[in-house]
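The transmembrane segment annotation in TrEMBL covers 9-29, 35-57, 66-86, 92-112, 124-145, 151-171.
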Amino acid sequence: MLHELAKNWWLFVLRGVFAIIFGLIAFFWPGITLTILTIFLGAYLLVDGIFTFIYAFQVKKQESQWWVYLLEGLLGVAAGILILSWPGITALYIVFLVAFWAIVTGILEIIAAIRLRKVINNEWMLILAGILSIIFGVLIFSQPITGAVVIAWWIGIYAILFGVMLISVGVKLNKYHKSHSHSH
């Protein structure tokens, strides 16, 4: 399982890079219209879901808990398609959809980290990413009427931090892969 996880380290890095790009756009361009922010969010969720979905099938034979990644990927793809299909939906609906997605993704990241704790070091980074997602979701649920600028900042900060965590996990997996690839 760890060998397959390490072999696909680049998916974590790609997810992280895309999250950081999205986060920077949302944070430094908070005055963008809600429709543009919605399209960026939909694209991010769709691409992140696709990367996670691909990873699930790459480790299906080696990892019994591959379905956690499959579920996370399907959730991201579904949320991305839903948002991209109706970019003019109300701000409140988008806020609740983002909050729900963040909480569920956070729970799934924590589950994945707990299942990996015996085979990798520093699984706390994945747990931290999951906790960050849950906190982000709860904050959004608790403040749904705040302005679009504040929501954009929250989304930006969350995406940047989540991206950094994913890149960090990917880099650690790459180091493991390089140090163990000759033995397999």
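Even glycines carry a Cβ here, placed using N, Cα and C.
Long-range contacts of the transmembrane segment (66-86) within the same chain, counting only residues at least 6 positions beyond its ends with a Cβ under 8 Å from a Cβ of the stretch, are 38-39, 41-57, 59-60, 94, 97, 101, 104-105, 108-109, 111-112, 115. Stretch with the largest number of CB pairs closer than 8 A to the transmembrane segment (92-112), among 9-29, 35-57, 124-145, 151-171: 124-145.
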